[in-house]
Each structure stands twice: as structure tokens, then as C-alpha cells.
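Feature annotation from TrEMBL assigns ATP binding site to GLY96, GLN97, THR98, GLY99, ALA100, GLY101, LYS102, THR103. Marked as compositional bias 'Basic and acidic residues' by TrEMBL: 455-473, 503-526. Annotation comment: TrEMBL describes 542-551 as compositional bias 'Acidic residues'. Residues annotated as compositional bias 'Polar residues' in TrEMBL: 720-729. Look at TrEMBL and you will find 751-761 tagged as compositional bias 'Low complexity'. Summarising the annotation, TrEMBL assigns domain 'Kinesin motor' to 7-345. Positions annotated as region 'Disordered' by TrEMBL: 453-567, 706-730, 745-770.
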Amino acid sequence: MKAHSGEVGVFVRIRPTANFSQDIIECLPDGQTVNIHHKKDTRKPLCPRKIQRSSWSFRLEGVLQDVSQEEVYTRVCRRVVLGALDGYNGTVLCFGQTGAGKTYTMTGSTESYKQRGVIPRAIQEVFQEVQKRTEHTFSVYLSYLEIYNETLVDLLASLQSSALPSPRSMVVSEEPGRGVFIRGLSLHPVHSEEEALNLLFEGEMNRVIGSHALNRNSSRSHCIFTLHLESRSRTLSDAKYVTSKLNLVDLAGSERLGKTGSEGQMFKEAMYINKSLSFLEQAILALADRRRDHVPFRQTKLTHALKDSLGGNCNTVLVANIYGEASQKEETLSTLRFASRMKCIRTNPAVNEHMDPAAQIKKLKKDVQMLKEELSFGNTLVNRPSVPYDPLSQAQLAEIDSQVQRYLEGSLKEISIISVSQVRALFAKFKLAVHRGQEKKVNARLRQTYNLGEEDQRADTPAVKEWDTRGSTEEDEAGSFEVSHKNTQHPSSTRAKTKKSKDKPSQSKRQGEESPLSKKRSDSASKPKLNSVQSPEREQELQEPDTESQEPQESQPNGKEPFHPDSTLTKAEAFDDFKMGRGSKLNRILQENKAVLLERRSLHRQLTDEVNAVKREIDCTAATMQQYRETRGGQGRYSEPDDTLLNQLRELKALYRQRYEVLNDIKAEINYCQHLVDQCRVRLLSEFEKWYKKYSLVPEEDLETSMDNTLDQCDDNQLPPESSSSESFHNARYRMLRRRNTRSLCVTPEQRSSSSGSGQRTLPQIPPVS
Ligand code: ADP
Ligand code: MG
């Protein structure tokens, strides 16, 4: 049989007897088949039509008749023991009727060395192998459990210094990574064959004492003797180690209740045995049936304790012990049926490999130390200063910033490379500089394209016109012309604030200032209530969030999960790059839409000013008329105002209405543009979030590789290859940046320029989401 072949090995062992019933039990010469012939019962002639089956054939892995204990061990158990030493769990079970030879097979005779059973031989083999396998260190622990009437008994509890655990305190438990184990069962370290045998005999003795003192029959309990092995390589200093369990199980007698005619205590025992063995059978049937995904292991202590030792990743072998006498043929048949069901279980043996985190850390620390020494040695050879390993200080970062600025201005010819962390910081600063320059260029181009003045000039245009209608006699008419009263504020102060925050977007973020969203809230809260004509769009425009800096934050649901400042910055940087690369088309359309929106708003502003001017004239004329009335009224007679004044007022009102209608049209256009801008922004953000999520879940190794490549390029004092399609490079780099919270970028100028808008006047279409 192949080692770890993936099937349960099933053997039949026939107890030697002088009365071997050859006509009932037929062992074929192939050594693997046993046929049971059943003579027809002549006392039951009542069912002539019922065809009674008279023979059964069982083909197993081996039929062990008149074989020595040594041969049994070699054929049945050896490969399982060797597998356990390699890290595979192994289980050897003896099943059968009481007196059929289970204990003889498993433990053997304690008096005769030659007739020792599987357990002492397995112990011997384990320690011989431990001696031989010098490249590994082994730890061997031992436990001996008895399950009697569904109660767990520690057969080695007598060796514990602490008080004996009560049987109730022992439970079958399961833990991820550890598998099934008995909580409360004593585990004894053993260092030699002798120590282990001492424990085996101690356990056997406790089993016998228990049989007498507690009036329990040893053949009516299940016994699980377990060797727990752990091996670590001596040669490889890695953190891997393997563990395994070798379970040697002597099951209780499988005779049926009816046959034994038990009473009282015996009856109770037989009930429990029948229950556990029939659940064992059920578990085995479920294991053998590949369509079933649930195996009822937890129904009894026995099946639960053997959960990871029956099938699964375990090497499992069953010895079915039978009598050779004809009188036992019913039980023999039943035992063989159980054995043939067991044969159907497929196993998938696997090594139980583990990682020791403490050893892993130790090893990595050692590796790092060695590499530092290598580096230092290399630097000494070429007379280079030693490499600093600590993160750059604020002063060093400031110096790098100043170097980059001077380098870009031309006052510094070259920047000498000192360390990888310095190169990273340099790239980050360059990236920032390129980004800012690009942004300025795009803004300038858009302003030029749409004939918009400089942003600063807008600050000089009065945005709010006061309009006090209290003195007017035309309240009703004039009141109905009001454009808006509710969103008012002092324009210059707000604009100044907005401009300031626009000028220093990253700085405000770094210093932990309030986010644009919170700024928006606080700004609106501090607005004075003025009775004025104010276009709502103007205010919106003033508070129009800076897409460059705000959009990644906006993507947080309801703004309830603010990023940590550093991570915000990193995500914002990732967003910048997304807009330059994958999201460039959407971003371009967004910018174009925003530009059109700005233009319409500018127009709206002009018209609002005009409408306000007309309104002022209306107020003025109305005031003059009122004055006229009052003056005349004071002289004792009422007089109608001059016709010219009335005509003028009428004309002004007509003009007001006409301008107001145009204003409304523009307003509708603004709303439409705003809708497009919002839609674009939402689309851009959602695409970015998808992209960001996707690339922030990349395995560490990929990130490491990508970073290594970047560093290689940096070490060579070269910029990375300039390619407009280097998306994957950037994706990988940003994932690394996000993870390490490091601000370091190498961006190609082409990518930057690809983000600039084309500047069309027509409202661009929003592309469908792919
Ligand atoms: P079980 O544990 O199945 O109840 P035992 O192993 O206690 O049965 O065996 C009952 C008796 O039969 C013991 O005295 C044992 O020595 C003997 N016996 C069982 N099998 C053999 C065998 N293969 N060779 C010699 N004696 C055996
Ligand atoms: Mg026994």
C-alpha cells in the first residue's frame, strides 16, 4: 500500500482458535478476501418464497490469520507511524466483538515482549525515528483517554501533581488551527521509549483499577492512546514547524444488546456502547457518502473526539477483529459489514504545517541586521557615507523641499542622492510641484478659452446689492421682483477665505484645518442676514468645492468617516493620479462642464447687477414720488406726482420684468449645468472609489515588487520610463504608497498633460459607465 494513499486501510484479524469454522469463514488465497457462508436455517420453513442470502464476500486490504504481532504492526501500523513523524495525523482503530482480540492487537501482552501490541511497537518506532532524523528536533507528548458511558476519563491523571480533574471538567473542544482536543486531558512530555512505555503501563493499570473499583468492564469502554508530535527543522532556520497526532484506538466490544442479554449496569453499558458505535457507523457512512456535506461527529464523545482522525486529512487504518468460531458468525458478519463501510471512506492526508510568529520575527530581524551589515560593508568599500535607516525628520523634509524649489528655479544645479528615503521624498516633492504647475496651466487655459477674467478680478465686483423696500410705495410690485433674500453674506470676506484655502490646499489639509465641507457649513452659519438681492448661484459658486482637494473626501458616506489626515492625503494623491490616468476623460468633461457653469454664472451675475440697478432706480423714483406727495400734503392739499415720474416708473418696471425673465432663463441653464457637473463628479468619484478599492487589495508581494522596481529606477538616478500607458505602474505604486503611508511619486509629464481640457463651448456628453 502506498504511503498516504488517501483511502482508509481496512484489515481483518481472526483470533486463533482450534475450532476454526472453515465452512463458514473462507479466507481466499489472495490474502485480501474473506467470504462468510451462512447455512440456511431449516427451522424456518414458513417463508419459502423469501430468498435467503447465504454468502457474503468482503474484499479488504488484508486478512490477518495466524500472523504474528510484529507482522500486524508492520502491515497495519507502520506507515501510519512514519506518516505521523512527517506531519500527517494518523489513527489506528480496533473494532469488534468483546474477546475478539482488540486489546491484544492494540496493547498486546504486557508480560511477553514478543507479543507486545501495536502501541508499544509504535512508541519504539517513533523514538527510533527521532534518533535517526537528526535534521529535525522532535517534541513528543502523550495522552491516554478512556470514554466510559459517555464520560471522559483521563487514564494518566494519577501522574499529575495538581488535583485530579473531575470527569465533568473534561470536554471535547475545537479550535481553529488546533483542531479537536480534549480540554482538561493531561498531556505528558516524553523523551524516550521507556518514559512513554511507563505512561502506557500506568494508563493500563488505571484502566484495570477502574474496572474493579468502579465496577466497570474495561472492554466496555473506548480507549484512545495518543502520541502528539511536533517537529522543527534543525538545518533550515525558518519559522515553519509541523505537528501531528497519532491516535491508537481500542474500541469497546461491538456485540449487540439482544445477544448478551445484559441487565442493570451491564445493560446501561451496552446501551452506551451501542449508541456510540452506531453513531460511529453513521459518521463513517456520512464520510463515505461524498454527496453529504454534514457528518454527525458531535453526537457522541467518541465521534467528536475522533473528528479530525477519521478520514479528512488523516491516515486512517481499521483492524476488524473477529472470532473464528461458527457460534459468533452473526457478530462476525456485523463486524465485517462495518469494516467494508469503513473502506469506502476517502481521505486526503495533509501535513499539519504551522508558522511560529515569534520565530519568524526573530528570523526577519536577523535578516535585516545582516543586510544592514552587508550594505555598510559595501559602502565602506566604495568610500560612501553610511546609510541612515531612520525616517526623515521634519528638518530634513524641509531641506528637501527647499532643494526641490531651488532646483526648479534653477538656483541649484543638482541634488546629491544620499539615501532611498531621500529619493522617495524628492519624488514626492517633484510630483507636488508638477501637479501644482499643471493645475495652474489648466486653469489659465480654461479662463482663456471661456474669456473669463482672472479669478481675483471677480472679488472686486460687488456681489450684494442692498435693497431696502421699506420706504417704497410700490411695495407690492417691487416685493414680487425680489430675486432672493435668504442666501446672503458678505462677499469679499467669503471670497477671500475661499481664495486663501484654494491657494494652499495641501497645507490646510496637513495642518488639520477644517475640511471644505465643514468650512461650507461654518461659512453659511456665520452669514449676516441682509435684505438684499443676491443670486443663489453666486454663493454656490463661491463655495464650489475645489474638486482637486475635496472629491476623495466627499466619497465618504455622509462624511461620517473622515480619513486620518495622512491617509486622506494619500487617497487624495491617488485621486489626483486617477484623474490624470484612468479617469482623465471623465475629469476633462467635468472640468469642461464646470467651465461652462462658471461662464453662465458670470453672465447671471452681470444680469443680477443690472436687475439690481434697475430696482435701485425704481426705488429712487418711488422715493421721489413719495417725497413729492408728502411735500404737497404738508401744504394742505393732495397732488398727484408728475406724469414724467409715473412714466419713468412704468418704463423701469417693464425693463425690470424683461431683465428678470432673462435672468430666469439663465438660472435654468445654470441649474442644468450644475446638474451635469454634479453627475460628472459623482461618476468620477464612484469610478475612482472602484479603482481605489480594487487596487488597494493587492497582495503584499506585488506591492513589494513594484516598489523594488521603482527604487531600482531611482537608484539608477533616472526617472521611470515615460509612458502614457503606465497605468499599472501607477496603480501598483499608489497601492504601495497607501499601505506605507509614504508620499513618494514618479509621474511622467505626459500623464500630467493628458489631463488638460480641450475647452469646448458646447456642453459635453457624459460617457456611459462601462
Ligand atoms: P477484546 O479486547 O477484543 O475484548 P482481547 O484482546 O482482550 O479481546 O482478547 C481476549 C483474549 O484473547 C485475550 O486473552 C487475548 O490474549 C486473546 N487473544 C486475542 N487475540 C489473540 C491472538 N491473535 N493471539 C493470541 N491470543 C489472542
Ligand atoms: Mg479489550
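Cβ from N, Cα, C; glycine included.
Checked against ligand 2, the binding-site residues GLY96, GLN97, THR98, GLY99, ALA100, GLY101 give no residue with a Cβ under 6 Å from it. Close contacts with ligand 1, defined as a Cβ under 6 Å from any of its atoms, occur at THR98, ALA100, LYS102 among the binding-site residues GLN97, THR98, ALA100, LYS102. In the structure shown, across all protein chains, GLY96 is the one of the binding-site residues GLY96, GLY99, GLY101 with the greatest number of other Cβ atoms within 10 Å. Secondary structure from DSSP puts GLY96 (ATP binding site) in a beta strand. Each of the binding-site residues GLN97, THR98, THR103 was scored by the number of other CB atoms within 10 Å of its CB, and the largest score is that of GLN97.
Sequence-distant contacts (6 or more apart, same chain, Cβ under 8 Å) of LYS102 (ATP binding site) comprise CYS94, PHE95, GLY96, SER219, ASP250, LEU251, GLY253, VAL319, ASN321. Other residues of the same chain near the ATP site, with their Cβ within 8 Å of the Cβ centroid of GLY96, GLN97, THR98, GLY99, ALA100, GLY101, LYS102, THR103, are ARG15, CYS94, TYR104, SER219, GLY253, ASN321. Averaged across the domain 'Kinesin motor' (7-345), pLDDT for the predicted model comes to 86.
Within 10 Å of the C-beta atom of ALA100 (ATP binding site) sit 28 other C-beta atoms, taking all shown protein chains into account.
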